[in-house]
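> Just passing along the structure, written as C-alpha cells.
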Amino acid sequence: MENRFQNDTLFSEWFGQSLSDVRFPDNVTVYSQADSAVSFENVRQPIKLVRAAMGSGKTTALIHFLKQVPRELSVLLISCRKTFAAEILHRFTLNGLKDFELYCDITERQINNRKVIVQIESLHRLTENYDVLILDEIMSIIKQFYSKTMTKTKEVDCKFLSLIKNSSHVIAMDATLTRHVVEFFAAFKPDTQIALIRNTFVSAMFSNRIAYFCDTFFGKEFSFFARLEDKLRWDKKLCLFCSTVLAAEYMYDLIRSRFPLKKVLLLTSKQGKCSSIESWIRYDVVIYTSVVTVGLSFEPVYFSSLFVYIQLAKGGPDMVSVFQSIGRVRRVIDEDIYIYMNPVLIRSYDPLAPIAIPPCSDWSVAEQSIISESCIDFRGKCSGAHKYNFCSVLKSLFRYRHYIEKTTITSLSDSLFLLCSLLCENSIKVDIVGNGFPMRKEVFLSFLQILVEECHFIEKKITLPGDDMTFQEIISSRETIMNGDFYENGDQLLHKDYITDMGKFRATFLSPGVDIFIASDIVYDLKNESKRYVFVNVWLQKCVSAGVESTEIERVFCERIKCYMLPKSFLCDEYFVLGDISGVYEWGMLIDLAFLAEMIRKDLKLKSCTDTTTDISEDDLLLCAARRSSDILQIMQLVFTVHVQFFQKYSLQTLQLFNKLRGMRIVTGVFSIEKFSISILRLFFKCAFNMTLSASRPRYIPGKAYRNLTKNDMENMLDNWEISRTNLKTCKELRKALTEASRARRKQTIYKLQGSDISLSVSEVGVFGQHASPGVCVSS
C-alpha cells in the first residue's frame, strides 16, 4: 500500500486531483457540482473554497456573488499577477462592479480604500482588514511567495494571515486547489464553517479538445513542425506557446523563413510584459511565452489550432505554468493542441532520480518499489527544510508543491506525467502517438526514447561585436569630450556616474589588482542572473574561508549585496540588483551552501571553488564524496531542486529503470562508487559555481598550462626524470622529448575545474575592508 500511495498520489495530492476521497475536518462541508458551471447558490458557509477547471465559470460566479454583497461591506481581491489584477478590474467594470480600484492606481503609499484589487507582493501596503476576501487562483498566489520579486515576504505573510483571520467572508478558487489548502483554512479558522465546492463541469471549449503529443519535431508526416506547416498552408490562424525565449525566437525565425508573407507576432520578456491581447486578431501566427499567463484570456473565435513547444530546462517554467499558459486561448476552432517536448538540455547520465511514474497498469512490483523509494527519499530531503527559519507560514506549509514543480523540470517522465495529468483533469483528452493516457508502460517508454533520440539543439543567436566602443576606449580616446554629465565620442555616450559606480563596485567587492575596466566587464556579465548567482556563492564562500562569523556575513550580505544597484549600460538610465537571484532557498540555505563549498574546497585542496589551475586527485574526490555526500545531496535538493538518491539505492535494476524514464540508453555495467562520487561533485560545482569538473591528465607543473612551459621548465623536468637531453637544443625538441617521456609516467587520472575563475577577481573579505577609493581620475 505504501508503494501504491507514493507512486499514484504524489501529484494528485499536491495538484488537487485527490479531493474526492479525502476525509476533511468536521467544519468542512463538501459540495459536488458536476452538470453546470460554478455556483454559490445555497452555499451558506462564510468560507468557500472552490476547485474547478478552466472554463468552469469561476469568475462569472464570483461576479454574481459580489453583486449581492451589501455596499457597506469592504471587499479585497488578491491576485497573483499585476496583469491579472488589471484584467479582473476590467471584467468587473464591464459587469457593473464599478466601485473597485486597482492598487497600482492608488498614489498613496498606504492603502485603506474600501474595495480594492491588489497584487500579492503589494499586500503590505494595506492598512485595514476587509469584510470580504477573494483569493482568485490561490495556488498561484501561494506560488508568488517563492518568487524573487517577493521582497517583503514576512510582512506580506503576516498581512495575508491577518486578512484571513479577520474577514467574515472568504472565497478561494483554483483549478488545482489541494486538500492542504482546505486543511490550512480548517486549522486556521477552526470555529468557522467551510464549504469545499468540487466542480467537475468543463465547458465544451475545453472538453472537446484533444492534446496530441508529437515524438519528433522534424522528419516525418506527423512531426510537430510538419503539422504546423500543414495548418499554415491551409491559411489557418495559429497560436504557439513556447516555454523559453530561446524556443520562441527559434520558432519565430523558422516560421518567418518558411512563410515570409505571414504576419507573425512574437511576445517574450524581451518585448516586455503583455498587458493586452486584443491585437492578436491582426496576426496569422502569435508566438508567446509565459509572459502571457493567468488573467489574460483570448476569447474571440479566431485561432484554428494551438501549438505548444516545451523546452525542458533547469530554471525554465514548470508544468503548472505551462498548463496555465496553454489555457489562455479560450476557443480553438479545430479543437486540437499539438505539443512537443524537447529534452535536449536535460539529457544526462548523471544519477538524477524521477519522483513518480504514470499509473500504467503493467508496472512490475519491483519497478513501483524503486520509484516509491525515490519518492520517499525526495520527501525526506524536502522535509529537511524544517530546520531553516522560514519567514513565511505559507512558504513553509506549501514547500513540497514548490519542490515538486521545480524538481520535475529536469525529469522528462515526471514532466510528461504531470502535464498529462493536468490536461486530463481539465477534461482535455490526451493522445500520445495514438494512445490515450494512461497507457501501457512500453508505449510510454518508447515515446520517451524517441523524444530523446530525435531531439535537437537550438543554437543561440550570436551577437556579433558592433561598432560600440568599450568603456576603456571611450575614456582613453583623445576624441572624447565632456558634454554636461556625459563623456561623448561621436555617437557613444557614457554618463559620469558610470565611472563612480564602477569605482564603488571595485572598491567594495573586487581584489586590489582588478582595475576599473575589468570591473566594468564583470558588471556586464552580472546582468545575467546565472552569473549573479555564481558571484554571490563565490563571495559567501570566501567569507566563510576568511573565518567570518555567519551573523556578520548575513549583515554584510544584506547591506552590500542584496540591494546593491549596478547600471545596465553606460547611460546609467536603468539599474539591476546584484542580489536579484531566483531560488527556493532561505538565508540559512545559502550560508549552509557556502560552508559546504568551503569544506569541499579544502578536501580537494583547491585555492577557491572556481580554481582552474589545481589538479584534483581521484583519491581526494572519493574521500570528499564519502565525507560530504549526505550534505551535498541535501543541498542539491533544497537549493538547486536536483533529486539524487544515496549511492546504496542505485542497483543495476534501478539505473535501468531511471534511464528508461529518461529515454536514455540502458546501462549494462556496474554503477561504481567512483562514478557516483564524481557525478555528485560534478553536479555540485555546475549548479553552485557554473564550473565543469572533467577528467584530465596531470599537469607537468601544477598550476601551469603545458603551452606556457618555458625552456628552463622543460629542462628541469627532464633532469628530474633522469632523461638525457643531449642534443636537445630548441624548445620544440625539448617539448617533443618531454611528451614522449611523459606517456609512460602520466597514467594517473586527475580532475580539474573548467570555466570562469571569478574568485580571482572577488576580494578577500576577512575584515570587510575596501581596497580603493570609490572613483577614478579620468583626464579630459
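Keep in mind that glycine also has a Cβ here, set from the backbone N, Cα and C atoms.
Look at Swiss-Prot and you will find 39-195 tagged as domain 'Helicase ATP-binding'. Residues annotated as ATP binding site in Swiss-Prot: ALA52, ALA53, MET54, GLY55, SER56, GLY57, LYS58, THR59.
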> Please identify, from the binding-site residues SER56, THR59, the residue with the sparsest Cβ neighbourhood, meaning fewest other Cβ atoms within 10 angstroms.
THR59
> Within the domain 'Helicase ATP-binding' (39-195), what mean pLDDT does the predicted structure show?
92
> Is it possible to get the count of other C-beta atoms within 10 angstroms of the C-beta of LYS58 (ATP binding site)?
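Step by step: centre on the Cβ of LYS58 (ATP binding site), count other Cβ atoms within 10 Å, giving 23.
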> Using a 10 Å radius around its CB, how many other CB atoms surround ALA53 (ATP binding site)?
23
> An 8 Å radius from the center of the ALA52, ALA53, MET54, GLY55, SER56, GLY57, LYS58, THR59 Cβ atoms defines the neighbourhood of the ATP site; name the other residues of that chain inside it, in order.
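The surrounding set, listed in chain order, is ALA37, VAL38, ALA175, ASN199, PHE201, VAL202, SER203.
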> Give the three-state DSSP assignment (helix, strand or coil) for ALA52 (ATP binding site).
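ALA52 (ATP binding site) sits in a strand per DSSP.
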> By a 10 A CB contact count over all chains shown, which of the binding-site residues listed here is most packed: GLY55, GLY57?
GLY55
> Any idea what DSSP makes of GLY57 (ATP binding site), helix, strand or coil?
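The three-state answer is coil.
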